[in-house]
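Quick look at what Swiss-Prot lists:
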- C4-C20: disulfide bond (DISULFID)
- C12-C25: disulfide bond (DISULFID)
- C19-C36: disulfide bond (DISULFID)
- C27-C34: disulfide bond (DISULFID)
Amino acid sequence: KKKCIAKDYGRCKWGGTPCCRGRGCICSIMGTNCECKPRLIMEGLGLA
């Protein structure tokens with residue numbers, strides 16, 4: 001089963017593949033999937 005792993009600066013990997021083209025991504029609570037967020041939201045969260 002794939003798992004979402006959060007990297008720095010709003011990047012995630014999903015089973016070894018970058019989510020959301022590697023940017024603007026957060027993992028769900030249990031790391032079961034990744035959610036793509038627009039860059040503006042990421043900047044608002046201080047993750048961009």
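Each residue, glycine too, has its Cβ placed from N, Cα and C.
Features recorded in Swiss-Prot, as mapped to the structure shown.
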residue: C4; record: disulfide bond; DSSP class: strand
residue: C12; record: disulfide bond; DSSP class: strand
residue: C19; record: disulfide bond; DSSP class: helix
residue: C25; record: disulfide bond; DSSP class: strand
residue: C34; record: disulfide bond; DSSP class: strand
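Around the Cβ of C20 (disulfide bond), 18 further Cβ atoms fall within 10 Å across all displayed protein chains. Other Cβ atoms within 10 Å of the Cβ of C12 (disulfide bond), summed over all protein chains shown, number 23.
Non-local contacts of C36 (disulfide bond) by the CB criterion (under 8 A, 6+ apart in sequence, same chain) comprise C19, C20, G24, C25. All protein chains considered, the CB of C25 (disulfide bond) has 24 other CB atoms within 10 Å.
If you measure from the Cα atom of C27 (disulfide bond) to that of C4 (disulfide bond), you get 6 Å. Annotation for C4 (disulfide bond): spatial neighbours C12, K13, W14, C19, C27, S28, G31, T32, N33, C34, criterion Cβ-Cβ under 8 Å with sequence separation of six or more. C19 (disulfide bond) is surrounded by 23 other CB atoms, counting those within 10 A of its CB over all protein chains shown. Considering other CB atoms within 10 Å as the measure, the emptiest surroundings among the disulfide-bonded residues C27, C34 are those of C27.
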